[in-house]
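Encoded as structure tokens, the structure appears first; notes follow it.
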Amino acid sequence: MLAARLSRPLSQLPGKALSVRDRENGTRHTLLFYPASFSPDTRRTYASQADAASGKAILITGCDSGFGFSLAKHLHSKGFLVFAGCLMKDKGDAGVKELDSLKSDRLRTIQLNVCNSEEVEKAVETIRSGLKDPEKGMWGLVNNAGISTFGEVEFTSMETYKEVAEVNLWGTVRTTKSFLPLLRRAKGRVVNISSMLGRMANPARSPYCITKFGIEAFSDCLRYEMHPLGVKVSVVEPGNFIAATSLYSPERIQAIAKKMWDDLPEVVRKDYGRKYFDEKIAKMETYCNSGSTDTSSVINAVTHALTAATPYTRYHPMDYYWWLRMQIMTHFPGAISDKIYIH
């Protein structure tokens, strides 16, 4: 049936005309999209769940807030033994206190800065000693820790590029390498939280995009290498969930913008001007107030990647606008996506 469907001309496939508004500038474009059944909605309800978690050990990084915090509570409720890596555990962060308040033997917060090799290795030993049988290994690693920033290339310092990469990319690589021996013993799972911006670049987000593109490549290489060893590697590419992750408050955006402007070379300030700079910051504020506050699609995707007998290579929890934009930017010639999204 599938072969017959794919062999039919596009004019005979179920499709629909879409009026697509570019969220960067308000311009509308009408596209004829085929086929309707390939929308992200078809991947939001997952089947083929494996056996219950039954105490399998999972490490999640970045559990102080956002996706990691929600994942820790959700996976604990599913029966996993959850080790919640928290950057601010030693400082008594509110998120850490809430997780600790559950007072469960199956949910343990641990101090973990993914940029610090000593803390990562200490986490390995803490988890190894917390396993009933270390020789059977650890079932899952969810690389969720990450930071974000904004600013056009000429507005962004090299220090910012390095800082974002150290957490998002090298932190993921460092943590994965350290835990692979335990994961190999369990023939377990690695789930890397990337982003839709790991598949399609976006203006004013180059430091973040670079790191997420890097996670995509790292995950593909790792998946190829781990396949013969029985370890499955998946990537989750969330859409716009900024409103749900508390990455930016209006005050934080203004603080970043002030420092960015103050640190700009004089020639850049003169050539672009304050009006242009302020307009870009205003757009960023609008973007940060948008997006979904319901993270359940991300939580469900990670859960499926950890529990399904045959997890997907990639998961796309995002709304239709961003999913369609990603398909256009990754599957169509660049000239077409440029015509639609660059003006």
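Using N, Cα and C of the backbone, Cβ positions are placed for all residues, glycine too.
What you see is a predicted model, and the numbers here were worked out from it, not measured in a lab.
Feature annotations, courtesy of Swiss-Prot:
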- 1-46: transit peptide (TRANSIT)
- 60-84: NAD(+) binding site (BINDING)
- Lys73: N6-acetyllysine (MOD_RES)
- Lys97: N6-acetyllysine (MOD_RES)
- Lys103: N6-acetyllysine (MOD_RES)
- Lys103: N6-succinyllysine (MOD_RES)
- Lys132: N6-acetyllysine (MOD_RES)
- Lys177: N6-acetyllysine (MOD_RES)
- Met196: substrate binding site (BINDING)
- Cys209: active site, proton acceptor (ACT_SITE)
- Lys212: N6-acetyllysine (MOD_RES)
- Ser219: O-linked glycosylation site (CARBOHYD)
- Ser246: phosphoserine (MOD_RES)
- Lys258: N6-acetyllysine (MOD_RES)
- Lys259: N6-succinyllysine (MOD_RES)
- Lys259: N6-acetyllysine (MOD_RES)
- Lys280: N6-acetyllysine (MOD_RES)
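Annotated features taken from Swiss-Prot, shown on the structure.
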{"residue": "Ile60", "record": "NAD(+) binding site", "Cβ contacts under 8 Å, 6 or more apart": "Gly68, Leu71, Ala72, Leu75, Val82, Phe83, Ala84, Gly85, Val142, Asn144"}
{"residue": "Asp64", "record": "NAD(+) binding site", "Cβ contacts under 8 Å, 6 or more apart": "Cys86, Leu87, Met88, Asp93, Gly95, Val96"}
{"residue": "Lys73", "record": "N6-acetyllysine", "Cβ contacts under 8 Å, 6 or more apart": "Leu99, Leu102, Leu107"}
{"residue": "Lys97", "record": "N6-acetyllysine", "Cβ contacts under 8 Å, 6 or more apart": "none"}
{"residue": "Lys103", "record": "N6-acetyllysine", "Cβ contacts under 8 Å, 6 or more apart": "none"}
{"residue": "Lys132", "record": "N6-acetyllysine", "Cβ contacts under 8 Å, 6 or more apart": "Gly55"}
{"residue": "Lys177", "record": "N6-acetyllysine", "Cβ contacts under 8 Å, 6 or more apart": "none"}
{"residue": "Met196", "record": "substrate binding site", "Cβ contacts under 8 Å, 6 or more apart": "Glu237, Pro238, Gly239, Asn240, His316, Met318, Trp322, Met326"}
{"residue": "Ser219", "record": "O-linked glycosylation site", "Cβ contacts under 8 Å, 6 or more apart": "Val190, Asn192, Ser194, Val233, Ser234, Val235"}
{"residue": "Lys258", "record": "N6-acetyllysine", "Cβ contacts under 8 Å, 6 or more apart": "none"}
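For the recorded positions given as Ala72, Ala84, Cys209, the lowest number of other CB atoms within 10 Å of the residue's CB is seen at Cys209.
The least crowded of the modified residues Lys212, Lys259, judged by other CB atoms within 10 A of its own CB, is Lys259. The two recorded residues Phe80 (NAD(+) binding site) and the residue listed as 'active site, proton acceptor' have their Cα atoms spaced 32 Å from each other. According to DSSP, Met196 (substrate binding site) sits within a helical segment. When the recorded positions His76, Lys280 are compared by the number of other CB atoms within 10 angstroms of each CB, Lys280 has the fewest.
Cα spacing between Cys209 (active site, proton acceptor) and Lys259 (N6-succinyllysine): 21 Å, rounded to the nearest whole number.
Of the recorded residues, Lys259 (N6-succinyllysine) and Lys280 (N6-acetyllysine) place their C-alpha atoms 15 Å from one another. Reported as a whole number, the C-alpha separation between Lys280 (N6-acetyllysine) and Lys212 (N6-acetyllysine) equals 22 Å. Of all Cβ atoms in the protein chains displayed, 26 besides its own lie within 10 Å of the Cβ of Phe80 (NAD(+) binding site).
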